[in-house]
Amino acid sequence: MFSFFRRKKKQETPALEEAQIQETAAKAESETAQVIENIKEDAESLAESVKGQVESAVETVSGAVEQVKEAVAEMLSEAEEAAEKAAEQVEAAKEAIAETVGEAVGQVQEAVATTEEHKLGWAARLKQGLTKSRDKMAKSLAGVFGGGQIDEDLYEELETVLITSDMGMEATEYLMKDVRDRVSLKGLKDGNELRGALKEALYDLIKPLEKPLVLPETKEPFVIMLAGINGAGKTTSIGKLAKYFQAQGKSVLLAAGDTFRAAAREQLQAWGERNNVTVISQTTGDSAAVCFDAVQAAKARGIDIVLADTAGRLPTQLHLMEEIKKVKRVLQKAMPDAPHEIIVVLDANIGQNAVNQVKAFDDALGLTGLIVTKLDGTAKGGILAALASDRPVPVRYIGVGEGIDDLRPFDARAFVDALLD
């Protein structure tokens, strides 16, 4: 009996264990399935989340790209507009420059034409003014330039003509040597060829006298003191110089320093009214005081140029020469570097005596320039050659007529052409 029960129990145990195993397996399978399901759900959720984030990121990037595209497009549009505007401005600038340059060229051409016309007009007046000197020389030189063979007789005849034309011995000797050298150098044979040789020799001699007055760029008045003998044309030259400087855009003030002659003061005042220029004068007092007051007035008024007249005097009048030295000293007190220019006015009619005058005034004052007047009324045009040879003080201006425009800067070439052509 006992063995029966024991065998039965042994048979029940494996069945129970198998059932438990199956139950455990089923439970494990269920749990595994649940885990897998959970994992699957988590994976799907994660995938969905990632997908959403990716789509959001893509959308954000796409928006940014669009914004960049729009910004770039806007910048390109603005750049194109700026380029078009710049191109328009460049074209406008080109047109403006072309117009300005065209106007400037036109003005320059007009100025050149006016200058050439003026030169021609002055050359004609100069030639007309030197008629007496030219006619005298032409008549005397007719035999020299008549076509004969160049020999010693011809040279002697030429030398005589030069001496009688007031060129003086020193200038004549210089010219004769120069002409001989040119004849020898160029192999000239005929008297007709002497004219060119003489013209070039005379030009080379008087060319150093051609030193136009150049006004400095300064805010201080430029003081010009004029001296000379009575009747040389100082006062008239001052009036013409005032007009000449005004034409250059300069303001001018006149000092009536010829206190010896009431007529001189009145004449200068008439020139002042004619040119609308202030004249400083005194009914009493000396020349130095008038000139001092004139410089002070010019400094106060911002005047560019002071033209100071002085009384006429002969170099032999020693007390008057001392007086004009005083005028110079007083001008230096009024302005340390004044007078900036000291000019003697010469009457061309006095011929060789002009050289002596220049020497005397130069020794007394230290001349910086000359004005040679009345060349139209004399046959002594050779005086410039004498001056060039003996005392070569620069000839600032020459006068060949009574007109207000008949006082001009000295041009050596124009003078020689007018004298010998």
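Cβ atoms here come from the backbone N, Cα and C positions, even for glycine.
Summarising the annotation, Swiss-Prot assigns compositional bias 'Basic residues' to 1-10.
The annotation region 'Disordered' is assigned in Swiss-Prot to 1-31.
Marked as GTP binding site by Swiss-Prot: 228-235, 309-313, 373-376. Its own atom aside, the Cβ of Gly231 (GTP binding site) has 12 Cβ atoms within 10 angstroms in the protein chains shown. According to DSSP, Gly231 (GTP binding site) sits in a coil region rather than a helix or strand.
Around Arg313 (GTP binding site), a 10 Å sphere centred on its CB holds 20 further CB atoms from the protein chains shown. Under the DSSP three-state reduction, Leu375 (GTP binding site) is assigned to helix.
When other Cβ atoms within 10 Å of the Cβ of Leu375 (GTP binding site) are tallied across all protein chains shown, the result is 27. Take the CB of Gly228 (GTP binding site) and look out to 10 A: across all protein chains shown you find 24 other CB atoms. Long-range neighbours of Lys234 (GTP binding site) (same chain, six or more residues apart, CB within less than 8 Å of its CB): Leu226, Ala227, Gly228, Asp258, Asp309, Thr310, Gly312, Val345.
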